[in-house]
Amino acid sequence: MMDSGMEEDVTLPGTLSGCSGLHPVLPSDLDVISDTTGLGNGVLPIMSEEKVSPTRARNMKDFENQITELKKENFNLKLRIYFLEERIQQEFAGPTEHIYKKNIELKVEVESLKRELQERDQLLVKASKAVESLAEGGGSEIQRVKEDARKKVQQVEELLTKRIHLLEEDVKAAQAELEKAFAGTETEKALRLSLESKLSAMKKMQEGDLEMTLALEEKDRLIEELKLSLKSKEALIQCLKEEKSQMASPDENVSSGELRGLSATLREEKERDAEERQKERNHFEERIQALQEDLREKEREIATEKKNSLKRDKAIQGLTMALKSKEKEVEELNSIIKELTADSTQSREAPLKTQVSEFEVRESENCEAALAEKEALLAKLHSENVTKNTENHRLLRNVKKVTQELNDLKKEKLRLERDLEEAHREGNRGARTIHDLRNEVEKLRKEVCEREKAVEKHYKSLPGESSSKFHSQEQVVKGLTESASQEDLLLQKSNEKDLEAIQQNCYLMTAEELKFGSDGLITEKCSQQSPDSKLIFSKEKQQSEYEGLTGDLKTEQNVYAHLAKNLQDTDSKLQAELKRVLALRKQLEQDVLAYRNLQTALQEQLSEIRKREEEPFSFYSDQTSYLSICLEEHSQFQLEHFSQEEIKKKVIDLIQLVKDLHADNQHLKKTIFDISCMGVQGNDRLESTKQAELMASKADEDTLKFKADDENHFQSDQHLEQSREIMEDYAEGGGKDGYVRHMDSNILDHDGAHTPDTSEDHSLEDELLSLLATFFSKKATPSLESRPDLLKALGALLLERICLAEQGSPGDHSDSKAEKALEQVAVRLRDELGHSCLANSFSKSHSELKSPRGTWLVKTGDEAKVELKSVSVQTMTIEDSTRGFKPERKREAWAGKPEEAVFSTELESEALGEMPGLQATHLSFPSAIDKDDQKTGLLIQLKTPELLENLYNLPASQEVVAQLQGQVLELQKELKEYKIRNKQLLDKLILAEAMMEGMAVPNSTPVNVPAAQAVVRTAFQGKPGEQEGHETTHSAGRDKEVDSDQYTSFEIDSEICPPDDLALLPACKENLEDFLGPPSIATYLDSKSQLSVKVSVVGTDQSENINLPDDTEALKQKIHDLQTELEGYRNIIVQLQKHSQCSEAIITVLCGTEGAQDGLNKPKGHIDEEEMTFSSLHQVRYVKHMKILRPLTPEIIDGKMLESLKQQLVEQEQELQKEQDLNLELFGEIHNLQNKFRDLSPSRYDSLVQSQARELSLQRQQIKDSHDICVVCHQHMSTMIKAFEELLQASDVDSCVAEGFREQLTQCAGLLEQLEKLFLHGKSARVEPHTQTELLRRLRTEEDNLPYQHLLPESPEPSASHALSDDEMSEKSFLSREPKPDSETEKYPTIASRFPQDLLMEHIQEIRTLRKHLEESIKTNEKLRKQLERQGCETDQGSTNVSAYSSELHNSLTSEIQFLRKQNEALSTMLEKGSKEKQKENEKLRESLARKTESLEHLQLEYASVREENERLRRDISEKERQNQQLTQEVCSSLQELSRVQEEAKSRQQLLLQKDELLQSLQMELKVYEKLAEEHQKLQQESRGEACGGGQKGQDPFSNLHGLLKEIQVLRDQAERSIQTNNTLKSKLEKQLSQGSKQAQEGALTLAVQALSVTEWSLQLDKHDVNKCPEASDNSFDLFESTQAMAPKSASETPVLSGTDVDSLSCDSTSSATSPSCMPCLVAGRHLWASKSGHHMLCLIEDYDALYKQISWGQTLLAKMDIQTQEALSPTSQKLGPKASFSVPLSKFLSSMNTAKLILEKASRLLKLFWRVSVPTNGQCSLHCDQIGEMKAEITKLHKKLFEQEKKLQNTAKLLQQSKHQEKIIFDQLVITHQVLRKARGNLELRPRAAHPGTSSPSRPGS
């Protein structure tokens, strides 16, 4: 509902804000809406009381205004709704009317709800406690829901584990069954062997059958011979009959007797033959019976084998069914798991929904805050759901990958099977080659024996040679070790020399030694640099020599390794010597490496020594705490080198020193007041000069507006801040005035800096400058103060001289008049100096104490700012004119800066010269800077003392202060306008500089802005780590330097690297090309080269470690090493997280959130102004730092200058001795005042500030160290990832392992990136709810400005600054323009802007403002006291009763001091209590962090153990899968062998059938012979009976016998052919089985068999008459038709006839016409079961019926044939007539035989339509095993994911509890501190008013 109000309505003519004054809800990055974005006409914004500042309270008037505005808006909305309804009724009168009405009603409801929410906004403050209780209750509910979900998940896990155990048991049972099956296969193998032996016996029996056939052939021949003899006898009989008929009757008796004898002989012969034949027949029958018995035994064995195979098939089917049931159970488990996951998600979502509904109800009743918290919780849970969804998607992807891998594995399995077959073939070939190899081995043995003899001879000669070589190498090694030791000594000596030189440098850093010996230091530095460079060159040469030597040693190592391999077995002494040589070589390499390490360590020491020389300056320049600013003189000690006790002692000493300084300061103030009373007469004149100066500065400022460009405006803005810093340095300089020191050093610097070309022209100027230098070195301030007319004259003369120098040509520089006038002025000043030294000598007694002008400058800071601004304006105009006259001169890197910045940094550096150790290090300028800069410097130096004098003598009149305030306000307004323009120019300038830096880098190929950013980042990331070496702590000042530069223009780079490694970014756009000169690029490239060296070292180490492995074992070892490295990195990350959490907690409490709320409340102009002032401050500080670090060159120092300096020092010493005598007298008088003001030290207030600053610096140092470590780790991780990718490309690794390891590496890299971002920007996750949408919107709208987002100096949120109202800002600018940058305002702007807790931010802001108020109140008290003192002095002048007034003033002062002391003590005790409580809280937080880290480590150990267990389980599963695969392969091979045996048995059965047919034919032949014999006997009887009658009726039986004999011959020929074809087919089958191509040839063989049978039967049918066999002629078409239906090649392609084919093959012979039959196909759904090795048959029911009919018909035919044979053999048929009864049964018998054969052929054809099946097949068994493995893998993966998710839930719950606890503690502590500080503020505001009711104190900020 809130979102609908933000969008515009399409139906409205304009937006809602257009007519009613309502504004849409602004983006929530503005937490507090300003007045301009309020509710229309200046009404106060609606905000919670938490967000209102404590100083601002809302009245009833504000609420009334708000209510009236709401009423107006309500009325406007009603009118608008009315008109809209009318318009909608007019325009949309159709069916869409109700939709628009509903839309309008919803909008009305939305607006009403908004109004209700706004009205309930005030109740939020009252309901905060209820919200906390609700939040705690909600947390408990969430915990309860999580615990329920956890219990459910545990139950699911237990169920899953139980199911997994059951499945494992089932798998074990299946394995046992498989083992049983394997034992069964072994028994089958034994049976198969026995069958093969029996088959061999059968073959032998077949050879016996061949002998039988030979015997039968011989009998056939005998039969034919007998037939021929019968024919001859028949011919004889006929002849005899003829003769008998011819012979007469008398001869009949004789012929009959002969005939009787012949017949008797014939009968005897026939009887003998018959007996012999009967014997043979009986013998054959016995043989046939024996063969039949053998056949029956074999059939029994085959039947038993079939039964066993059926049992095995059943067992396999049972196993497959069990496996299918297991698969179903696994699927059910998966479905249960899915349901449980869905239930868990629903159970998580349901309580969340209920909670949301409850919170909505409570929200409508109570407040909106609870809803916000619940929405945050919902967002977290939603993010968790999103992460879980992503994990599920990733799991699905993994599952897909696993399936793909399984498919690949299957393909590989097939390929491996093929390879196995090929290996079998190769094994056969290898068996052949074994014999050849054995022969070759014998030959080789002989050769080896010969070679061994030769080697023994050679070995005898080798020891002498090796010993000589060894001695020579020992000498070389000794020489190398001696040279290495010498170089080590040289290195140690050089190190000692460097250390001595550095110690000397450190000891020489005192003031007097530097004054007297600056040229000696320069020469020492030059002499140190030259031997360093020589040493570096010599070291490089030695390093190259060592590399050559190491290369030679590596070659020698290879040679010796080869020798060691040859001599391993024979000579052990040589091996020991070689090992010694290798050990020596390793020692030498270690020495070389140690030398290199020493070299690098020396370089690091040198760099650290240089840094130590530089670090005091950086520490001083960027120290941000109040105490460090007050005590800049004592910055020579560094906190990091001391222990805690030493630091405490130092702090106590510093506090004592500050007290002494304060007391001396008060005493000096008193004396200065007395002296100022004496010089009252000159004050009137000074007022007029001051006002004239102010007018001049105003005029100069007006001219600046029109003349100077944008860059000069920016520089003028810099000058304001620089002048403040000058005043600060001046205030802290003690009795030695800052401008005097500056003038002195400037003269010294520029005296030697001018070019030698103008030496003649400038000789007079040099003399003048030396005079002025002596004048200023004598500290001529009192004379200048008393003589302002002299100052004005000197300034005018200098101005005149500079103008003349600018107008004239470069050769006309010297004007004699002006020079003479300047000399006269200098002489006058020197004369007056001698007179004024005695009167003003007291100011030089305590040169270390602060001058009273420090306090005056604090009081009148704004007036001084205006005056100094006018000075800077004048110098700018002058320098612009000089820039126009000399454009042709060349500048170096320092010339790129504007002259004003140079001047200001010079002033600051001179202020720094007051520190011990830096007094004589005067800054040097390059020769390119001209004398014009010197003159402008002199002018300003002459103008600043005059200005300060005016400020010092200014009376405290309210009118002048008001005028000055008005002028300052006008100037500030103009500055704001200029700064807006400067911002735009700065943005362009920074982008151009980044582009130029990207072009300057040689490695960056594309010149675009993101590339430049990347180059800059990578260039400076490695620098801090290299500077610090292996140290873990840095100087606190360097950290603050980094943090202070976060406000500079180049924000990103200064966050990473310290600014002394960067070239300064210029403020002027014109000098950009000059800025990017060779020196700046050199410094940039130097830092980058150091980084690249470090990275290359890591890369080379990584590349040297990578040797491409050939085997997987080496790869596994590599992966293991990488995993150990990963563990190490994870431990490092854990430690870094500890440090980061500690540091974040401290930073957020101390200073992390000061500026975010302030920047939101502040107007934009003030934010811009403070940002620019911060940037200019840090730029100036950096310039100062760089100039201090720049070494002095020997050209600057001149001999004359040194002599003049020495003379001046001698004179000053004499004067100091005089002054010290006077000071001893004055010391007793001043001692009483010192005791009075001793207790007013501000150090007591600032001790806490100092401790906080020190803690902050240490914490930020830790963050910086951890960031450097993160950078190094991230680089190392990237190199590791590259190396791992190269490993994967170089060798074959398991893709799953590689993917897992790659994911781990990427996760580690992501963690390191997150840590880097965290250390750079702080917490980015806990942003306010609006920041994500805001970022998305900005990314969409500002895609073109992507480079600016990285380079612009302004952050998206306003910068951290003091949040005060406009009045407070103005008063703050008038009263307390402190030059010191507050440590809290500069630290961590990004963390401060991103901290989400508004309440915490407001409390911390209040703490800061209260601390400010406290400091300001102390300062105002001091100011009031000073005013009282001054008024007392003024009244003392006019009054005579001085002692009475002074006593009263003394009493009031003492009472005030006592009161302030008590108040300060109370405040200090409160602050100590607060600090102790904070320390306790910090200790508690640390303890909780330690516990958390311990729990994390424990969890990591558990995770490692679980991972190891999972890996072990995976290995076990893989081994089991391999075993299962092996078993399945063995089962498949055994089944194939069984099928082959069965096929062989089938072939044997066919042979037996053929033999049965032969036996039947033989039986038939025997029966025929018997019949022939019987008929022959009958014929003989008939012939006897008809011998007398002579009938001729015996021809019919003979003719029938001839036909029968022909048929028998045809049958015999057919049987012989079939036997021959069977033998050939058998031989072919054996060959094909041996070759393994049986499957391809089966179809062809069956076709050949059918073709042969068809040809045989066709021949038979052609030979016979149609009349003799009518049934055969009818069924002949069926026979030919059967040839067209070809047999399939394999059982899987076994055909099934269609309906038409079945009809054509039916029993009805008439319907079986020659219809074309197509190739049949398998029955749908059954071909999956078809296999060769199946033990079941499958067919269509039609085919089965047809086969049944054929078999029944055949049975009937056989029964008829049996009847016919019985009738033929019965004695009744023999008794009947033989002629008629013989021919008819024989023809019937033959026709029935033919039909029986046709029936058998049809039956065989129908049998071919049956095919073998097995349910289920072996392939499915293997698939089932694979599926079980997949399911197990999925179950284990799901188990792991559940475990990981549970761990994540537990960790998040713990983190939530800990964060809530921490927030509660912080909130309680902040409430306590808030109350304490509020009491303190009340005390501070009430007490001064009670103490001074009459005095008018200035308005305080925040009042």
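Placement of Cβ uses the backbone N, Cα and C atoms for every residue, glycine included.
Residue annotated by Swiss-Prot as phosphoserine (from the set SER20, SER621, SER904, SER1676): SER1676.
Of all ranges given (790-832, 1263-1305, 1736-1778), Swiss-Prot attaches the label region 'Interaction with CDK5R1' to 1736-1778. Within the set 51-94, 95-138, 667-710, the record from Swiss-Prot flags 51-94 under the feature region 'CM1 motif'. From SER1241, SER1715, the position flagged in Swiss-Prot as phosphoserine is SER1241.
For the residues SER607, SER643, SER1495, Swiss-Prot attaches the annotation phosphoserine to SER1495, which does not rule out the feature elsewhere.
Cα of SER1495 (phosphoserine) to Cα of SER485 (phosphoserine): a distance of 51 Å.
In the three-state DSSP reading, SER485 (phosphoserine) counts as helix.
Cα of SER544 (phosphoserine) to Cα of SER485 (phosphoserine): a span of 17 Å. When pLDDT values are averaged over the region 'CM1 motif' (51-94), the model yields 75. Of all Cβ atoms in the shown protein chains, 11 besides its own fall within 10 Å of the Cβ of SER485 (phosphoserine). Packing around SER544 (phosphoserine) is summarised by its Cβ count: 10 other Cβ atoms lie within 10 angstroms of its Cβ, all protein chains included.
Around the Cβ of SER1495 (phosphoserine), a 10 Å sphere holds 13 further Cβ atoms from the protein chains shown.
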